[in-house]
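Take a look at the structure set out below.
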Amino acid sequence: MPTSSSRKLVILDRDGVINLDSDAFIKSPGEWVAIPGSLEAIARLNQAGYRIAVASNQSGIGRGLFDTAALNAMHAKMHKQLAAVGGRIDAVFFCPHTALDQCDCRKPKPGMLKMIAERFEVDPSVTPVVGDALRDLQAGAALGFPTHLVRTGKGEKTLAAGDLPEGTQIHNDLRAFALDLLAKESD
Ligand SMILES: [Mg+2]
Ligand SMILES: [Zn+2]
């Protein structure tokens with residue numbers, strides 16, 4: 001395998017991309033339910049040499065709706081279900097803050113994506129960022145990542161509202177994104 005493959009990375013939002021979203025926040029492992037096909041899509045990307053990082057706003061922590069232990073338990077469920085289909089997420093970055101904290105990591109600020117690019121030593125210009133909300137795409141576009149909108153989660157609303165960053169590609173779901181990325185690779 002060429003060394004360049006170790007630099008292949010996809011950055012995913014979590015809620016509405018990997019798992020079903022809720023306006024009432026995902027607060028417990030019981031509420032964390034994978035979107036059909038999303039875990040298999042991650043496994044397909046892994047098999048093609050992609051590492052996967054998650055960048056997720058989790059202001060429910062800052063709002064006191066759940067704590068870091070609950071978040072860890074959700075992610076343990078995610079990792080376990082993913083492992084069962086042969087997939088792997090290499091890192092989960094999350095912002096626990098609310099807008100009032102004025103941090104640099106809460107999307108649309110690009111802080112989390114910047115940390116991920118540095119940690120994984122990847123070139124943002126060839127590293128897809130996938131999200132269902134405008135702020136996911138804005139965070140990516142701020143650093144020159146190619147941006148991809150999925151229509152799951154808040155995706156339909158995001159698409160209808162318009163004003164997507166230039167060049168944003170639109171996919172029905174994470175499965176469609178993965179198949180498209182892998183098809184383009186084999187061109
Ligand atoms: Mg989302
Ligand atoms: Zn933050």
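Cβ from N, Cα, C; glycine included.
Values in this document were obtained by computation on a predicted structure and should not be read as measured data.
Site annotation (TrEMBL): Mg(2+) is bound by D13, D15, and the candidate from D104, D123, D132 recorded at this site is D132.
Using the Cβ center of C95, H97, C103, C105 for Zn(2+), the list of other same-chain residues with Cβ within 8 Å runs, in sequence order, N57, P96, D101, D104, R106, K109, G111, M112.
For C103 (Zn(2+) binding site), applying a Cβ distance below 8 Å and a minimum sequence separation of six or more within one chain yields C95, H97, K109, G111. Listed recorded positions: H97, R106, K107. The one with the lowest count of other Cβ atoms within 10 Å of its Cβ is H97.
Counting every protein chain shown, 21 other Cβ atoms lie within 10 Å of the Cβ of C95 (Zn(2+) binding site). Proximity note: of the listed recorded positions (R106, K107, D132), R106, K107 have a CA within 10 Å of the CA of S56 (site 'Stabilizes the phosphoryl group'), given in sequence order. Of the recorded residues, K107 (site 'Stabilizes the phosphoryl group') and D13 (active site, proton donor) place their C-alpha atoms 10 Å from one another.
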